Amino acid sequence: MWTGSNPVVSDLCSAVVSAVVIFAFLQLWKETAKHGLDQKLNRKLVHISIGLVFMLWWPIFSSGHRGALLAALTPGVNIIRMLLIGSGTWKDEATVKSMSRFGDRRELLKGPLYYALTITGACAIYWRTSPVAIAAICNLCAGDGMADIVGRRFGRQKIPYNKNKSIAGSVAMALAGFVASVGFMYYFASFGYVQKSREMLLGFLVVSLASAFVESLPISTELDDNLTVTLTSILLGHLVF
């Protein structure tokens, strides 16, 4: 990416650039939380944007394991932030407000921590040549995020087996996760990282539908849908891709 520079230096520069972009987005959502944007909406905007924006920057890194690991530094740092803030070691009320449901710092040790772990793992382990990484991040970010936003606004009709979830939210999740996955398939295919195909499209559809179904189950409410959606996307992804 950085013409004429040492490959290691190039990847380090890329890591700095991606980190600056992501933490700028985090700062933006902290400011919107401070200035009164609805807390639930603000939290989901963080949820949708961070992982997808981060994935947009993957092409600036080199191919191979080194590029993947250096790219994973940015969400990896966020794992440490969630642990420090969630445990009370680091006081950051703006982050707590922008990422928690009820303003309790300990919430960051569940959903937000699972989120950061997912992005880091998808990046470091699967990287940009794997549709599993695309499916995991897109269903977690776009899918799960839109499920909540649409469900709260249009979710009058509840799912029979889980009154905390709505049909509108589940449909929105499946659709958003699938559309985002397809979008990133074409995006990465333009760089030659994946080979777009009908089989991959079908795989993304299957994973998005399954993730939406699992997210609608009561167990996802109990365990945290950031965890259950991720596990579904990765495990099923290994079967269909």
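For all residues, glycine too, the Cβ spot is worked out from N, Cα and C.
All TrEMBL annotations are machine predictions without curation.
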Annotated range (TrEMBL: transmembrane segment) out of 67-87, 88-108: 67-87
Stretch in 12-29, 41-61, 167-188 most in contact with the transmembrane segment (67-87), if contact is a CB pair under 8 A: 12-29
Going along the chain, which residues at least six beyond the ends of the transmembrane segment (12-29) come within the CB cut-off of under 8 Å? 1-2, 5, 42, 45-46, 49-50, 53-54, 57, 60-61, 67, 70-71, 73-75, 77-78, 95, 98
